[in-house]
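Trainee: Relevant sequence annotations retrieved from TrEMBL are reproduced here:
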- G102, K103, G104, G105, V106, G107, K108, S109: ATP binding site (BINDING)
- 4-75: domain 'MIP18 family-like' (DOMAIN)
Amino acid sequence: MITEADILKALSVIIDPDFKKDIVSLGFVKNIAIEGKQVAFTIELTTPACPVKEEFRRQADEAVSALPGVEKVEVTMSSKTTASTSKDHIPGVANIVAIASGKGGVGKSTTAVNLAVAMAQTGARVGLLDADIYGPSIPRMMGLAGYKPEIDHEAKTIQPLENYGVKTISIGYLVEENQAMIWRGPMVASALNQLLTDVAWGELDYLFVDMPPGTGDAQLTLTQKVPVTGAVLVTTPQDIALLDCRKGIDMFRKARVPALGIVENMSQFICPHCGKSSAIFAEGGAERLSQEYKTEVLAHIPLDIKIREKADEGTPIVAAFPDSEQAAHYKRLAGEVARRVSIQNNRKIDIPVMIQE
Ligand SMILES: Nc1ncnc2c1ncn2[C@@H]1O[C@H](COP(=O)(O)OP(=O)(O)OP(=O)(O)O)[C@@H](O)[C@H]1O
């Protein structure tokens, strides 16, 4: 006779590498069903983008199959994304992740778009808010330029537009191109406020916010206004960009927003002719920066013409070529971001957040 206790005991050898506890104590094992020699159960993770999902499935199958009397094991992997509990939420939104950079042109929007699509491909419910009011590039990159969102004037809500499984909103959908560029400060502030409060997102696991570049007052206000779970800092390897990135990190520190990590974009040049990679800029800068600030390098994204071409065409590389090497970088990044958010949300785990001063 196989018992539930036998199964739980067998599964308790599987350790979650982030929470450093076994999956039974963490409460991940659900719905155990035993029928003769057949066993079925569910492992419920804290995010559908869990990087060790398949490894857990394999280990669980192996551990339970090894029990005497078990002939068939059916493991169902599911997830319930943990929510950031530190501040008040935008209704329905479990986690808000800012994508930021210390200066413009480092590939922040390209990273945000590909990260959002990669995250959605894992089955997560994802939104992308373009808070880059002066230079909204999300509509073009998401293949939604020229589309207008529905506005319910009575309910005072804006319906986000959707493509590649990601719901998006941008000031670029609401005003003519280049018009926002001439707005004055108060108009920008009120437009941003509206995007933050009036969008009917529905249920989201992750809302990515493509922040305006730089570290001015507007950015600070935004981080204070939006209940941000954590920030992903995008930088390029050049020293000057890293210097700007430092300012970005310091800004989040002031706003008491934890840094989830650093993305080094354009870190290697991939030659479109021979496919070889060259480190054009100095190497190791992102690592040094991450050590200094006690955070992690989440990804090194190469400088690759396909990434730019696809972004310009409005089909992010992750959607255009999901099985490509380039897409794999963003998929790994999505896993790392999800992992860091889960850790961040698990209050019991003491990770080095950047709010410690
Ligand atoms: N890894 C990459 N490889 C090739 N081209 C890239 C890469 N990342 C970004 N680009 C290109 O670099 C340009 C700038 O990128 P992007 O608009 O994402 O930067 P940004 O930091 O959001 O800029 P801004 O802050 O001005 O909005 C774009 O043409 C984009 O296609």
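Positions of Cβ are set from backbone N, Cα and C atoms, glycine also.
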Trainee: Same chain only, sequence gap of 6 or more: which residues have a CB within under 8 Å of the CB of K108 (ATP binding site)?
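Mentor: Within the chain, K108 (ATP binding site) has Cβ neighbours under 8 Å at I99, A100, S101, D132, D210, M211, P213, V234.
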Trainee: Within the set G102, K103, G104, G107, which binding-site residues show a CB-to-ligand 1 distance under 6 A?
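Mentor: Once distances to ligand 1 are taken from each Cβ, G104, G107 fall under 6 Å.
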Trainee: How many of the residues that make up the domain 'MIP18 family-like' (4-75) does DSSP mark as helix, as strand and as coil?
Mentor: 21 helix, 23 strand, 28 coil
Trainee: For the recorded ATP site, enumerate neighbouring residues of the same chain (Cβ within 8 Å of the Cβ centroid of G102, K103, G104, G105, V106, G107, K108, S109, site residues themselves excluded), in sequence order.
Mentor: S101, P213, V234, T236
Trainee: For each of the binding-site residues (G102, G105, G107), count the other CB atoms lying within 10 A of its CB, then report the residue with the highest count.
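Mentor: Result of the Cβ crowding comparison: G102.
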Trainee: Let me check the 10 A CB neighbour count of G104 (ATP binding site). How many other CB atoms are there?
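Mentor: G104 (ATP binding site) is surrounded by 14 other Cβ atoms within 10 Å.
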Trainee: Where does K108 (ATP binding site) sit in the DSSP three-state scheme?
Mentor: helix
Trainee: Restricting to the same chain and to sequence separations of six or more, state which residues have a Cβ under 8 Å from that of S109 (ATP binding site).
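Mentor: In sequence order, the residues whose Cβ lies under 8 Å from that of S109 (ATP binding site) (at least 6 apart) are D130, D132, S137, I138, M141, D210.
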